[in-house]
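First comes the structure, then the notes that go with it.
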């Protein structure tokens with residue numbers, strides 16, 4: 001129910017601007033329904049007139065009076081009604097197709113905009129696949145529902161009401177007969193839908209378990225092969241597979257039975273209407289011709305009567321998916337934005353120092369990661385952060401350009417708290433080279449100029465040269481105009497890192513944060529990257545998060561973090577002399593005995 | 001579609017029932033208008049008995065139709081489920097015969113998709129096949145034939161209606177076909193942009209490029225929106241047009257009957273049933289069209305499944321008796337190229353290793369270290385040359401013999417969900433608690449296993465999410481050593497361990513498994529510095545071997561690697 005309310009709000013937000021279109025569609029579909037339920041009465045009338053004509057014609061006395069005029073007149077109206085029906089349907093269908101296309105487009109862009117405003121913590125807590133699914137399957141489901149279901153729902157409801165009104169208009173007794181089976185049909189549908197829901201849930205659980213097993217086993221196929229576990233793996237699979245056979249059978253039967261059931265009921269209903277209708281003609285007060293026409297009309301209505309119910313039930317799934325889709329996209333929309341101070345200060349370059357003053361921080365409440373960290377960095381200094389996995393070194397980086405904010409304490413630039421600056425202003429002065437450097441589809445030039453789209457080609461080439469990647473780029477046929485994407489990269493892991501260094505150099509940041517790559521790079525390549533990094537660091541204030549000590553031996557200051565506390569601080573020589581944690585780390589990593 | 005035949009053969013009785021019941025449904029549907037016609041004729045003749053009798057028949061027929069519909073659904077579901085489940089099982093068994101090269105060629109995730117989504121598609125289409133696909137042609141042909149029998153003079157109205165429907169469909173679908181082609185590209189572009197921004201959100205934010213990215217994304221999204229609307233417009237034409245044609249055909253029928261009424265007075269009663277048949281023809285065409293697009297997707301899925309069935313394992317093991325293999329390993333002029341690659345990954349490699357030796361393998365990323373190791377347990381066969389274990393060509397020994405002799409521990413430690421003990425017993429079935437304790441002590445995993453409430457019976461969650469990277473690697477090593485293999489290969493399998501634990505593992509291996517031939521592949525010199533011999537690989541070639549002391553003096557590549565790792569000053 002809460003889902004339904006949320007979905008309602010969501011669609012209201014995106015659809016309210018199309019109210020005029022919707023109003024037009026409603027009016028048009030009202031006409032369409034009127035035309036389509038009115039038409040059978042003219043068909044009945046035409047049959048009746050033919051019967052009357054035949055009656056007159058058969059009798060030699062009245063043969064001369066027999067005339068087609070009335071019949072022809074009815075036929076003209078009959079055709080006009082269907083032409084009107086087709087025209088109104090076409091126009092409203094076109095209008096709705098505009099609305100569904102435009103509104104899903106707006107939703108997609110809205111989602112993307114929101115993503116750019118949201119806090120980084122959301123992306124850290126949700127898997128990429130899960131967020132991406134909102135762009136793909138959730139938006140698809142919403143579009144499908146709007147494109148197909150919306151039209152059919154409005155149409156079905158209108159048609160149902162129209163048929164009921166027309167039936168009562170024509171003949172009250174036959175109308176009641178046609179509608180008599182409705183409660184049975186509704187109760188049966190409700191039972192089947194409920195059973196289907198339950199058994200499909202169970203089926204999905206079992207299928208989920210089976211797919212989980214398949215995924216795990218096949219992803220670990222190397223282990224299965226090297227340990228010769230194929231027979232065991234098949235045995236495990238069979239258990240899951242048989243369970244799916246049992247539960248999916250129930251699920252498929254219950255979810256597949258509704259349609260034939262309703263079609264069958266419609267057949268039965270038509271039979272009853274024919275039976276009762278002809279009884280009424282033979283035993284009632286109607287003239288034979290009029291009775292004939294009436295039966296014909298009601299057969300049409302009886303055949304159409306269940307149509308709206310059938311299409312609504314077959315849309316049930318689609319609507320369900322659209323509600324889920326709306327909930328999932330709404331969940332993103334309701335995430336808090338990054339906090340950007342209203343009248344934030346501008347930042348005009350670092351003048352004297354950066355200070356981390358008694359910084360406490362936790363990702364999850366109650367699980368503090370940094371317990372009062374103090375670091376002072378003078379302009380132009382290089383500070384290295386060292387420590388085991390989980391010590392909090394990457395966290396410090398997250399705080400410096402406000403991917404996250406401190407719980408207490410403060411980070412200040414020349415005495416001003418970073419939270420007082422305009423967010424963009426702060427980030428323009430802080431350059432980052434990440435462990436896993438994401439590249440974007442576009443040319444190499446686009447990627448180097450990423451942070452400064454108006455940079456000149458000279459600036460770009462200069463940056464590439466400093467990052468030691470210029471020669472490689474020039475060796476490519478299309479040089480800087482070579483198209484790349486993150487997936488289909490022509491770069492090795494090491495070269496990708498160099499690209500991201502060039503991308504940072506061109507923005508000429510005051511403060512640099514370098515998070516060293518740890519994976520996929522051998523130490524020889526790492527040494528090359530190191531040279532490029534040294535070029536960038538030159539003359540800038542920098543934080544380097546080091547995973548291998550080799551790279552930071554020349555730092556002005558080495559800060560050793562362990563479990564969120566600074567345990568040692570000083571230059572390489574000083575720390576070696578202290579013979580503490582750093583010295584042991586250094587010996588284990590760097591000294592071969 | 002052929003791939004389904006053997007499965008259908010097994011289901012022949014269920015299929016018989018499904019088809020018989022669907023025939024009954026179709027008959028009930030088709031016969032109703034005919035009975036209606038008789039009732040109307042009877043009304044004209046004031047024949048009470050015929051009206052009453054036909055009325056009863058109508059109702060009985062409808063009830064039979066409902067029952068048959070339910071029976072049909074049950075049997076269709078049975079067939080669909082049996083076919084899908086059996087096919088899934090056969091597919092899984094087939095994949096289990098694959099050698100590693102096959103799995104890599106398809107990629108694991110791709111195989112998973114075929115086992116899940118594609119099989120699901122097949123299940124859906126089989127269900128639809130027996131519920132709808134058989135019914136639609138029967139209804140179509142039946143309605144067509146009955147319509148002609150009802151009003152023989154007006155057969156051409158049906159043909160004209162069908163031609164118009166086909167014409168409009170052909171017009172919009174050829175148009176749409178063109179749009180769908182470009183649509184695919186646009187969807188991919190939009191998804192790529194979203195994914196890149198998602199994964200690179202820190203980059204976008206730190207370079208303050210949010211507005212530029214929104215602009216790029218909006219342009220692509222708008223392009224996609226415009227095309228979507230174009231396609232939607234074409235779709236909008238279809239339904240109103242179909243119904244208009246059918247309704248006009250209806251009007252034309254009545255009008256024509258009006259003209260003939262004096263010659264054929266019985267036509268008056270026949271008009272209604274003719275029109276009912278017209279509508280059934282229309283619905284058969286519409287549903288048939290939907291089914292066609294549905295079926296074309298299933299054909300693609302079936303093709304992808306068949307591809308797996310048709311794949312031959314890249315290598316097979318000879319049917320020879322199991323034997324014990326000693327711990328010696330030999331490479332004799334081995335050259336190896338990955339399937340699909342042009343350049344060989346290993347070039348003319350030769351070396352001999354005696355039982356009990358500890359061998360280190362170093363080299364840059366992509367130099368062929370892992371590939372070399374994978375040839376020992378015969379995950380791949382070389383293009384030329386020979387790999388021997390215990391003095392025998394690995395192509396001449398039984399699979400079990402080789403698996404017992406060689407244990408392989410990978411960098412990406414895969415621990416399966418279940419319990420720790422279940423994972424360890426993959427290394428040695430029926431391993432005792434004592435053996436597990438011993439192995440855990442060697443791999444330094446005892447320290448954290450003992451802290452768990454259930455010790456070796458502690459659960460492993462899916463994706464082994466309840467263990468850290470270092471713990472997973474230590475569990476993988478435990479599984480690797482528990483069978484006391486003659487040959488142990490560690491492919492960068494201590495990369496997530498801190499320097500101290502790594503040293504402890506090496507010491508324990510030396511002490512507890514000193515009869516075992518050990519291969520250690522590593523990025524860090526410190527991991528292999530104590531090896532009896534170190535092999536240095538560069539671009540697929542073996543360019544040096546010897547102890548650390550020798551190589552550091554003589555081998556330039558080794559020196560370069562060493563330089564990047566050693567301390568500034570000797571301490």
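Glycine is no exception: its Cβ is also placed from the backbone N, Cα and C atoms.
These features come from TrEMBL:
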| type | residues | note |
| --- | --- | --- |
| TRANSMEM | B:12-31 | transmembrane segment |
| DOMAIN | B:17-297 | domain 'ABC transmembrane type-1' |
| TRANSMEM | B:51-71 | transmembrane segment |
| TRANSMEM | B:125-148 | transmembrane segment |
| TRANSMEM | B:154-173 | transmembrane segment |
| TRANSMEM | B:234-257 | transmembrane segment |
| TRANSMEM | B:277-300 | transmembrane segment |
| DOMAIN | B:329-564 | domain 'ABC transporter' |
Would you call the transmembrane segment (B:277-300) and the transmembrane segment (B:51-71) in contact, using three or more Cβ pairs under 8 Å, pairs 6 or more apart in sequence?
no
Given B:12-31, B:51-71, B:125-148, B:154-173, the one sharing the most C-beta pairs under 8 Å with the transmembrane segment (B:234-257) is B:154-173
What stretch of B:12-31, B:125-148, B:154-173 shows the most Cβ pairs under 8 Å to the transmembrane segment (B:51-71)?
B:12-31
Note the mean pLDDT of the domain 'ABC transporter' (B:329-564), expressed as a whole number.
86
